[in-house]
Each structure stands twice: as structure tokens, then as C-alpha cells.
Amino acid sequence: MKSYLVGGAVRDALLGQPAGDCDWVVVGADPAHMKSLGFKPVGRDFPVFLHPKTGEEFALARTERKNGHGYRGFIVNADPTVTLEQDLQRRDFTINAIARDQTNGTLIDPYGGVNDLEQRVLRHISPAFAEDPLRVLRAARFMARLAPLGFSIAPETLAMMRQMAANGELNSLIPERIWKELSRSLTYTQPAAFLHTLRTVNALEVVLPELNALYGVPQHADYHPEIDTGLHQELVSDIAAKLAPGDMLIGFAALCHDLGKALTPRATWPHHPMHEQRGMAPTQQLSERLKVPRNYQQLALIACREHLNVHRLSKLHDNTVYELLQRCDAFRRPERIAQLAIVCEADYRGRYGHEDANYPQGQHLCRLHAAALAINARDLNRQDLHGTQIGEALAQARIRAISSAGVYDGGTGTNF
């Protein structure tokens, strides 16, 4: 029996990146032997064990053979005779098929992963890559993480991914797996690479049709030099990732904010009147299909509905600002206003030539919200107030606080 460090921990160390969890593969053992050493079995589909002291995962070396459709149709063999090289061959990409012998530091790299790391190439290991449709999403997610390091996908891997999309393999992916890969991509610095990769291999229209529909929809060049709404969406996603690193909640809201532009009549192009309202339905549809957490869906709907109002904040009357805060449930969920402000700033800056633009509307919205939030029912003289009068008086007091918070010379955002 011998164990090797494998996968992401080895890859990230070679890239000089912070390593995540350590995963180990065990050669020459069976489940009974692992249990006798105190390892706790946790794997449902294949033998995985937790180390009795460190809690790290140790998986028996295994092979996988396709016997059905989709990503679950595999026969697993974890016999003690399975070699390390056989286990590494079943993995997705060469850069993930590198093992390290921790006793002497030797790298075991039978499929050229070290060279691909040096060349910054994401390459599949074998034709078996095509047997698991989830790997198309994993490739896109890896690009969201690795594109900033200069990585690209090997041409032969792109070709295989296109074929997988064309033959319908991706239709077997369940919503939870799509959401898992999408949400993880939103934690990286270049989530647009996730969308771009899927679009390149014709997979975006299968797994995220609401987003795919944005591509090819023109915007007014005076306000959107990038013109294409899909490209605007990519820019917004990357700006959001910079403004709120690792924040999936803000990332998802930014992803959904302009879905309505795909539904505006062609006769109005490149203008998109009412796209905020039109975007509510596809945002809800996408959220429900992927079984997105409710708080994600709620913020996405708020961003979709309110982003133009925030852009033109300086033109809104005090009572209109108060109504905006109420629609956001901002007095019970105060964190939403800062989140909305970030999404709107990403929208404003997600345009060619505006990536570093100042966005005072966001700070001003937070300032107005803070002024209104500071007023509560205890501050009112309630001697002569009863029932609904208390709520009405509180609303008026908060509107006065908004009015007293000052104004600024901000943009209108009318043409967004």
C-alpha cells in the first residue's frame, strides 16, 4: 500500500498558487485494509476515506468504464491491482493528472501535465474525456480561474467539447451540477471566461440559454462601445469579480441584470426600453431551473429591476428613492443596498473605455440608505399616532432624512 498526493494540490503548488484541500490516491489497498487502519469510509459511488487524524480524503486507485448515458453511467473498478498511472488516466486534464510521492518529492507525470502547466494549456488526457459531459463545464470553470494566468484550451480539446455539445451529451446534466460549476466560476477573477468558453463550443445555448440569448443583441454604440450585449455581460461579470472578490451572490446578480435586453423588440434596437421589467421573467426562470438559493434569486431580481434607477439616482425625487429602498426590503435587509450598488457599478464600468470610471451613484445610494435607516419608530413622537399612522409617519421621517442627506451631481444612466 502506498499513497500519493494528486490533483489540485499538486497543480496549484507547481503554479505557485494557494493550494486548497489535499487529495490522496492509495495504490495496493482495499476497503477492509483502509478501515483496519482507522480510515472512515465516506464515498457513495467509489471508495473514498477520511484520514483518522487529518480528515483529508484518501481514494483508492480506480478505473472507470462508460456503460450508459450522461455523467453517472460508469462502472468503477477499485481493485488493489489498479496502478497509479491507470488512476491518473481516468482524470479530465493533464494538469490534474500529476501525482507527488511525498516520501521523496518525486513527481509522477505520465501524461505531460507539467509541460502543459509550463505552456499554459488545458488539455484532455484521452478520448474518455468525451464520456462525461460535466467535463465541458469543468473546462469552462477552470478557464475562469486559469485564464488570468495565460491559459488557453488545446484545439483538440475544444473540438471534442464542441462534439459533445453537438451530440446532446450536455442534455443529461442536472440543474444542480450546472449551478455548482457556474457558482464556483463566479468566485474566480475572470468569470467571463466561463461564459466565453461555453459559447465557443456551442454549449452555452444548452446549459444557460438566457445568457446565450444576449449575444448578437446590439446596444447603442454611444453608450456601449462594445455594442454586443453578450460582450457587455462578460465585461460586467469580470468587473463585479474585481469589486467583490469571491462573492457569488453579487456575481450572480450581475450576471442576470440585463437579461431583458434579449427580449426587447428588434424594431427598438439598439435601444432597450423596459428591459428592466422584461428581464424579471428570464431571471426568475433561470433561478428556478438551476435551483439557485432564494437570496441569490432575490438580489438578482432586484438588480434587474432597479439598476437603471440607481444609474439615474440624482434625478429621482426623495420619495422615489424611499420607494426604491422599500422595494429592496432595505430596512429589514440593509445589506442589499451595498450589494445592489456594487452590481450597478459593475454594470456602469462594464463597457469598453469605462473600466476604471468613477461611479458616485453607488456611494450616494448607500449614504441615502444609511440616513433613512437611522430613523426608526422609536424616534417618533407617537402620542397622537395610531395604527397605520405610525407607519406613515415613519415613512415621512425617512423621506425627510433622505432629503437632508444631500445631493450630488451624478449621471442619469438613462440610456443604459
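Backbone N, Cα and C define each Cβ position, glycine as well.
Sequence annotations record features per position, and here Swiss-Prot assigns CTP binding site to G8, R11, R91, R138, R141. What Swiss-Prot records for G8, R11, R91, R138, R141 is ATP binding site. Per Swiss-Prot, Mg(2+) binding site is recorded for D21, D23, and the stated evidence type is sequence analysis. What Swiss-Prot records for 229-331 is domain 'HD'.
Location within the structure of each feature annotated in Swiss-Prot.
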{"residue": "G8", "record": "CTP binding site", "contacts (Cβ under 8 Å, 6+ apart)": "A19, G20, D21, D23, N96"}
{"residue": "R11", "record": "CTP binding site", "contacts (Cβ under 8 Å, 6+ apart)": "I95, N96, I98, G113, L117"}
{"residue": "R91", "record": "CTP binding site", "contacts (Cβ under 8 Å, 6+ apart)": "G7, A97, I125"}
{"residue": "R138", "record": "CTP binding site", "contacts (Cβ under 8 Å, 6+ apart)": "D92, E181"}
{"residue": "R141", "record": "CTP binding site", "contacts (Cβ under 8 Å, 6+ apart)": "E181, R184, S185, Y188, F194"}
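Annotation for the binding-site residues D21, D23: lowest Cβ count within 10 Å of the residue's own Cβ, D21. Report note: the ATP site is defined by G8, R11, R91, R138, R141, and the residues of the same chain whose CB lies within 8 Å of the CB centroid of those residues, excluding them, are G7, D92, F93, I95, N96, F142. Residues in the domain 'HD' (229-331) partition by DSSP class (helix H, G, I; strand E, B; coil) as 77 helix, 0 strand, 26 coil.
In this structure the residues listed as binding CTP are G8, R11, R91, R138, R141; their two most distant Cα atoms lie 16 Å apart. A helical conformation is recorded for R11 (CTP binding site) in the three-state DSSP classification. In the three-state DSSP scheme, R91 (CTP binding site) falls into the coil class.
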